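Quick notes on the structure that follows.
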Amino acid sequence: MGGETFDVKGPRPNDYPLRAPKPVGQLISHIYKDRIAQFYNGGQYEHQNLRAMMKEDSVSGEPHVQLWVWHAPGQTRPSFEEAVSNQFVKTNVGEWFGPSWTTHWFRVVLTVPEHLQNKRLLEFHWDSNSEGLVWSEDGKPLQGLTGGGERVEWILPDSFRDGKEHTIYIEMACNRMFGNAPGGDSIQPPDPNKYFRLDKAEIVAIDPDARQLWIDIWILQDAAREFPGDSWESHKALQVCNEIIEAFELGNRESLKKCRKIAEQYLGPNVDSPNVYNSGKEPLVYAIGHCHIDSCWLWPFAETKRKVVRSWSSQCDLMDRYPELNFVCSQAQQYKWLKQLYPYAFERVKKKVAEGRFHPIGGSWVEHDTNMPSGESLVRQFLYGQRFYESNFGKRCKTFWLPDTFGYSAQLPQLCRLAGMTRFLTQKLSWNNINRFPHTTFNWVALDGSQVICHMPPSETYTAEAHFGDVKRSMSQHKSLDQDNTSLLVFGKGDGGGGPTWVQIEKLRRCRGISDTVGLLPRVHMGSSVDDFFDRLERKADTFVTWYGELYFELHRGTYTTQAKNKKNNRRAEAKLRDLELLATIASVQDKSYKYPKEEFDAMWENVLLCQFHDCLPGSSIEMAYRESDQMYADVFSTAEKIMKGVSQVLGLEPALNHMSTTNTVALNTLPWPRRELVKISEKEAAVAHGTGPFLKLQKLETTKPLVTLRQVTKGAFVLENSQLRVHVEKGVITSLYDKQANREVIPKGQKANQYVIFDDKPLYWQAWDVEVYHLDTRKELPSGETEVHENTPHRVSVVTRTKVSDKSHIQTIIALNGAVEGEQSWVEVQSKVDWHETMKFLKVEFPVDVRNTEASYETAFGIVRRPTHYNTSWDMAKFEVCAHRWADLSEYGYGVSILNDSKYGFATAGQTMRLSLLRSPKAPDAHADMGTHHIRWAILPHQGSLSHVTIRKAFEFNNPTKLYSSPDAAALVAAPPPVWLTPDSSPAIVLDTVKRGEDDEDVSRGELPARKGQSVILRMYDSLGGLARGTVVTTWPLKKVCKVNLLEDDLEVVPWENGRFTVELRPFEVASYRLVLA
């Protein structure tokens, strides 16, 4: 340490000149850096710089490039066979094609002239400023085209270098990668009348040296700019750049080779091949090609089907040229579309999958929203996704992949583990607009304690351009370096598809070359898979930090409310599927001649799951997409009616008439606990439906005293009262709600419940997605008109009020109270009809309650999430708008209030005010989002005690009312024990949520996977309250065996049973599935 002597090599003293031969100035760094861009960019110097050397030669126009076109009618998207059977007409470069969303097929006849036939790299360049697809003459999709200067080249096969005519077809789609928005703001509603000019159709001889030098200098400039200014690595990069510029000679192609040799000083000698990754040095950043394709967004679902074939064909082509490229893509639905519509492309993908290069990932049907789907919907995303991957590619996914979804439900780690996945990738929380999420790599823990390894790429994107800066940020933004210093770099064009480009792959080669030659830049690697990356993490995962519960996304909170019809359809479809699977299971076991409608259920589920895509269900797509989803839901409901007819025939049911006898009528119940509720049997009469199981007995109300009363106290003011509740309503608001059983007032003195409030709703940018915290400052109460009597019968009373929102919008509100049924908690029901025609307004309804707690509880998929009611910290305040399913609850010790709903997901609790979000009115990307008439129901449910099974069950019942059917065997139906139920001494927290047939039963299987002999029934249940829950399941079906299974219906363990019953014990919030093998 100090004092050493060194043998310093250098000029001998007598070689050092006595006098300075010339002045030498200091290099002015910023000027020389700015000079670099002039060397390889477009602009005023492009005919004098490197760009002028890119092309060796080119030809266009006849006879070398001949063009014919056929215009597909309307907005149809005909197949290749349909298109080429039509009459094509001559066309030329410079012509315009449109309007938006139309399709134009081109027959392109290419003849390579003799002087180009021996050039090193021949490409066909096509730029229609829109998306397109290259097809072979015999109908094989070959490669996608993006347009607008990006991915416009297709490498000509060597067979075209013979001077003869060769035919290809190009399918031109009149949309850009991000749809058809006018101007430069892509989220604005699409312009229906955009036209696209064919700017280029030419055969080009590319100089590979010039093209490679272009990438060299690009990355070298990035190093000069992005390495620290006080580092020798930055100065060296700048020096090399300037040496290259000085060595370049316009027109001298040999100078290109000299320039590239200079670049090797910094990049190393191996950047032209995948050998650059074989240095044997340990990498830190693992690059994986990716193509995120939104199943709908700024384009319709129908266009996504073509985006898939364009994108994935391009990737297969790149894999043939770049052996190091490994590529991932999720969404089983998109693979199914490819299989159905483009079998050649699907087989090409399958081949790459078998080679271990193309990696299906994610394990789910689509990249779905996770906030709003029910627990069973999340299960089916995995069930349908994993089964598709296994049946088509021979294996299941190990990594759940949701890079772009708007927040992550608390039970996802448990469901992932039950679906065979131990890893999870996202990056969306990097978009948080209030707090910065603190981890990159961590263990994410579900409500039941299950965990998955979560990695959030520190480059903070799933569509990285593979820039120098992306690699650099993979280390500089890594927040878990004390546990693991590696990361994934997910690169490739995305959202609208595309995937990696050859430019991106070449840039990454150079980034690796810099790391191995110069250092400082994190060492990037290509050639590994996502599973390889997570395998390394898994070996040390027990040391990772933990994050418990939901991954709340501090942005896009408006998506809980936007596109109300779509959300209502989702809730309704989930309920119908649950009901029908139960009833069809009963029918198929009872009557062997009845075939369980598996094919129909699959079609229904696949539509529902597709509509849960993270830009569809959240409400952030264009209007065209919602026309498509409306049709999908219409198909679901139409199929549901047909299935119900078939089930009814087996069970001996017919729809009940308006005036019915209770002796031959049953109430159909699909919920698993005993029910007692009032049902209307005529305009003035009611009965009590009661019992356990699918068929409830009706007992006509025989009473001289009404169960509920309505009296007017002053003009426009009424009291609705039953044996449990007394409700004061005046001008449409509830001024008092008195719980007679608890002897307490629910509404704080002087306040008003069921008060409509409206807010200005102008987020910073993302209209359909966002509601910002400042909207709360614009709150205005909507005054209502006079309240009038609407209904007054012995079993139900109601009042109606009209509320003016504006000159364009109004609300009709019915507040109703049913007669109380002994042993059942009564609620106040509200029916709202909203005629909504606002602009950038947000409608909510408020419920101030005399209950105090620092946390409120909200239903989530298979569980409960508790969130703050205060704004103590920025993390608390960020949750000013949250997601809830069928209920939200504010309870203190001994008492609470729940708000139930039939179709809403947005909620907030601030202090003692509970607030249900009803409607928004954004104007982008759908200019007409939520315009029209909406029917919404909610209820106020006071309850003694804290949150309990009472709220859970009443919310189910509010969303699943009994339905009346007539049957000649009504007495026998109600007398028979239910086919499966939980005994009365079972924990009331256990919800038997799903009853369905086994996927692979021999009488059910559709042949995707090996069939199992015999019949089986799947039961799925969960603990709904967060405690150890024990119960006993009883069935009248003949049992042969009982197994606990995972979500994919693999047997996990045999469960002891006796006399048709078995016991269950569930961890807090555990989701448990059982397979009952029938004798």
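These residue numbers are counts, starting from 1, taken along the chain as shown.
Cβ coordinates come from backbone N, Cα and C, glycine included.
Copied from TrEMBL, the annotated features are:
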- HIS292, ASP294, ASP404, HIS614, ASP615: Zn(2+) binding site (BINDING)
- 554-633: domain 'Glycoside hydrolase family 38 central' (DOMAIN)
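For the domain 'Glycoside hydrolase family 38 central' (554-633), residue counts in helix, strand and coil come to 56 helix, 1 strand, 23 coil, using DSSP.
With the fewest other Cβ atoms inside 10 Å of its Cβ, the least crowded of the binding-site residues ASP294, ASP404, ASP615 in this structure is ASP404.
The record gives HIS292, ASP294, ASP404, HIS614, ASP615 for Zn(2+). Within 8 Å of the mean position of their Cβ atoms, the other Cβ atoms in that chain belong to SER295, TRP297, GLU367, THR405, ASP495, PHE613. Counted within 10 Å of its Cβ, the other Cβ atoms near HIS292 (Zn(2+) binding site) come to 25, all protein chains included. In the predicted structure, the domain 'Glycoside hydrolase family 38 central' (554-633) carries a mean pLDDT of 98. Counting every protein chain shown, the number of other Cβ atoms lying within 10 Å of the Cβ of HIS614 (Zn(2+) binding site) is 26.
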